[in-house]
C-alpha cells in the first residue's frame with residue numbers, strides 16, 4: 001500500500017497530460033527496445049523520427065497511462081481491472097510478459113524526468129509493477145499464453 005501511495009504522489013503531472021507523457025513513454029520504449037515496435041503493427045509504417053509527433057502513438061500512450069493510473073489507484077485490489085487487460089494482451093495482441101517489465105522501466109524514467117519520481121519512488125514503482133506483472137502473468141497462464 002505504501003508503494004502505491006508513493007507512486008501516486010508523483011502521478012499528478014502524468015494524469016494532467018496523459019497524451020504527452022504517453023507519447024514520451026512509447027517513443028522511448030521504441031527507441032530503447034526497437035524490437036517492441038513489432039508488437040504494434042498499427043505503428044509499422046511510421047518513420048522512427050516521426051513517432052514522437054504521431055497522434056496514434058500519443059493516443060495509445062495515453063490509454064496505457066490511464067489504465068496504469070486506474071491500477072495504481074486500486075492500491076493492489078486490481079484483479080477486476082487487470083483481468084480484461086491480461087486477456088486482451090494475451091489472446092488478441094499476443095504481448096509477451098517481459099514487455100511489461102520493459103515499459104515499466106521506461107515509465108519510471110519518464111516519471112523521474114517529468115514528474116519528480118525520486119529514487120525511493122523508482123523503487124516503489126518497480127515494486128508496484130512487479131505485483132501487477134506477476135498478477136498478469138498468472139492471468140496469462142490461466143489463459144494458456146506462456147510466451
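Each residue, glycine too, has its Cβ placed from N, Cα and C.
Noted in Swiss-Prot for the protein shown:
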DOMAIN    2-141  domain 'Globin'
BINDING   60  nitrite binding site
BINDING   60  O2 binding site
BINDING   89  heme b binding site
Rounded inter-Cα distance in Å - residue 60 (nitrite binding site), residue 89 (heme b binding site): 14
The domain 'Globin' (2-141): DSSP-derived helix, strand, coil residue counts: 117 helix, 0 strand, 23 coil
Same-chain residues at least 6 apart in sequence whose Cβ lies under 8 Å from residue 89 (heme b binding site): 95, 136
Residue 60 (nitrite binding site), number of other Cβ atoms within 10 Å: 19
